[in-house]
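K.L.:
So TrEMBL has the following annotated:
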type	residues	note
ACT_SITE	C67	active site
ACT_SITE	H102	active site
ACT_SITE	S119	active site
COMPBIAS	235-249	compositional bias 'Basic and acidic residues'
REGION	197-263	region 'Disordered'
Amino acid sequence: QIPIPSVPAFQPSTSIPERLEAIQRYIRELQYNHTGTQFFEIKKSRPLTGLMDLAKEMTKEALPIKCLEAVILGIYLTNNMTTLDRFPISFKTHFSGNYFRHIVLGVNFGGRYGALGISRREELMYKAPVFRTLSELVFDFEEAYRRCWHTLKKVKLGHCVSHDPHSVEQIEWKHSILDLDKLSREDFRKELERHARDMRLKIGKGTGPPSPTKDRKKDVSSPQRGQASPHRRNSRGDRRPSAEKKPADSKAMPDLNGYQIRV
């Protein structure tokens, strides 16, 4: 009988780096799926709560997984680590006339960056949280690809994922898309650090991880768009119809506009 890997359980005194190592061992024990058959269907547009239900099913079935499934599983197993920031990092590479795609779960603990994931290559999955900057982490992946004779073409970075397993928000998979053919080395580094700064500001303002009410409104208004621009478009769109409905009621207009500003 094939042994089923046990989901790691932690004592309150277990440090975050030790927990990440144990989670990575568990993901590795599930093994990489070489069969060519996708055992779990993952739709990136699903709300977080649905993806967490799927991750729970993965732990029960204990079947081999691929990189995207490992990211969802990593989010599920780190949900109770509220001091850990999690965000997706996607890579597009070129080798021997073909393009390849890979994804890992970036993590940030105490200002140090690392990653969880699974790959055919050992150097393209787990990274301990020891990198001082996001650019150092990504450059380490780039060097690992270079050793595999792959050329890194694009990097897509998402925003931090909520720690609320019942959140109805969607994971923001590609907040920043960096095309290395169009960026110099220094510009590439600056864009990576800009994204890291944006994530810190989003968390500092309280608009990051658990804000289910606000996030639910965003999802309803524009589920496939980014977080910033739809607000401006929606606010302009809201003003036009309200003016068309009551063109003659000039006294009501100031109150209506004031209400919109408060919202």
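Cβ coordinates come from backbone N, Cα and C, glycine included.
What TrEMBL says about a protein is an automatic prediction, not a curated fact.
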K.L.:
Looking at the active-site residues C67, H102, S119, which one has the fewest other Cβ atoms within 10 Å of its own Cβ?
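P.N.:
S119, out of the active-site residues C67, H102, S119, has the fewest neighbouring Cβ atoms within 10 Å.
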K.L.:
Please report the Cα separation of H102 (active site) and C67 (active site) in Å, rounded to an integer.
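P.N.:
Taking the Cα atoms only, H102 (active site) lies 7 Å from C67 (active site).
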K.L.:
Can you give me the Cα-Cα distance between C67 (active site) and S119 (active site) in Å, rounded to a whole number?
P.N.:
6
